[in-house]
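I have placed the structure first, in the form of structure tokens, so that the comments after it can refer back to it.
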Amino acid sequence: MQFHSSSALVTPFKKDLSVDEAVYEALIKRQILQGMDACVPVGTTGESATLTHKEHMHCIEIAIETCKNTKTPSNSRMKVLAGVGSNATSESLSLAKFAQKVGADAILCVSPYYNRPTQQGLFEHYKTIAQSVEIPVMLYDVPSRTGVSIEVPTALKLFREVPNIKAIKEASGSLKRVAELHCYEKDFHIFSGEDSLNHSIMFSGGKGVVSVTGNLMPNLISQMVNCALKHEYQQALEIQDKLFSLHQALFVETNPIPIKMAMHLAGLIENPSYRLPLVAPSKETIKLLEKTLQQYEVIA
């Protein structure tokens with residue numbers, strides 16, 4: 001993968017629950033200007049499960065066009081890791097082909113949820129999607145949401161047998177699993193998919209992060225990753241410790257409920273709107289978010 005720090009973008013909605021394209025573009029530009037290497041549209045945090053196929057594709061297009069038209073501080077272009085996950089292989093395949101056609105740099109594909117395929121089913125699912133495109137593919141293991149895990153032998157087999165499967169987003173919560181993957185395949189790039197473990201995964205062989213907190217604090221997430229890549233353990237740990245209470249607050253309810261409310265409180269999105277079955281956070285969660293953002297001087 002040609003990037004290391006990335007944010008799993010929220011999808012802002014208007015009051016009528018249509019996608020707020022202007023705010024979405026502004027959020028991506030903010031990521032670019034604050035030093036992130038890549039953005040990840042329409043993943044879990046982007047509420048992809050409740051977007052229509054047309055909306056999903058359009059969000060990918062917006063991300064790609066915004067990144068093409070906005071230079072980073074180093075005068076380069078931020079990469080787009082397009083989410084193409086679905087519990088139907090045919091739909092993921094269609095989204096993958098579309099993402100490649102419109103210029104995505106790579107695709108992120110989650111394991112099918114609800115279906116609970118066998119390991120052979122997971123292998124065939126990912127292989128079929130990856131072989132339909134030429135751009136790099138990042139597997140996404142998040143068993144708490146999908147009900148099934150990509151077991152280490154399956155992940156390694158995919159990496160070894162499918163040339164454009166290059167990376168895996170690890171949200172299993174298991175550092176033992178991260179260590180095992182890195183032990184057997186040093187070139188299989190591991191990305192943290194769990195903000196509270198960013199530092200631990202980076203110093204267990206990780207190559208980057210796909211961060212939820214990065215929506216709010218892209219500069220600090222980028223700094224932490226860059227320090228880790230330079231083997232500056234203590235500096236990276238200081239940033240991780242600084243962000244830890246924010247990481248915790250953003251996951252007190254189902255993601256992306258807290259992060260969208262936090263971004264609203266911070267003035268980054270106008271409407272903290274959600275599509276059912278997701279609903280607004282509790283009053284207790286809002287108070288916690290307000291207190292946490294005050295501690296970080298994000299709000300007064």
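Glycine is no exception: its Cβ is also placed from the backbone N, Cα and C atoms.
According to Swiss-Prot:
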type	residues	note
ACT_SITE	Y140	active site, proton donor/acceptor
ACT_SITE	K169	active site, schiff-base intermediate with substrate
BINDING	T45, V210	pyruvate binding site
SITE	T44	site 'Part of a proton relay during catalysis'
SITE	Y114	site 'Part of a proton relay during catalysis'
C-alpha of T45 (pyruvate binding site) to C-alpha of Y140 (active site, proton donor/acceptor): distance in Å?
13
V210 (pyruvate binding site) versus Y140 (active site, proton donor/acceptor) - Cα distance in angstrom:
10
So among T44, Y114, V210, all listed as recorded positions, which is physically nearest to the residue listed as 'active site, schiff-base intermediate with substrate'? Use the C-alpha atoms.
V210
Using a 10 Å radius around its CB, how many other CB atoms surround Y140 (active site, proton donor/acceptor)?
27
Rounded to a whole number, how many Å is the Cα of V210 (pyruvate binding site) away from the Cα of Y114 (site 'Part of a proton relay during catalysis')?
23
In whole Å, how far is T44 (site 'Part of a proton relay during catalysis') from Y114 (site 'Part of a proton relay during catalysis') when you measure between their Cα atoms?
15
Local Cβ density at Y114 (site 'Part of a proton relay during catalysis') - other Cβ atoms counted within 10 Å:
9
In the chain carrying T44 (site 'Part of a proton relay during catalysis'), residues 6 or more apart in sequence that have Cβ under 8 angstroms from it:
A8, G83, G85, V110, V142, R145, N255, P256
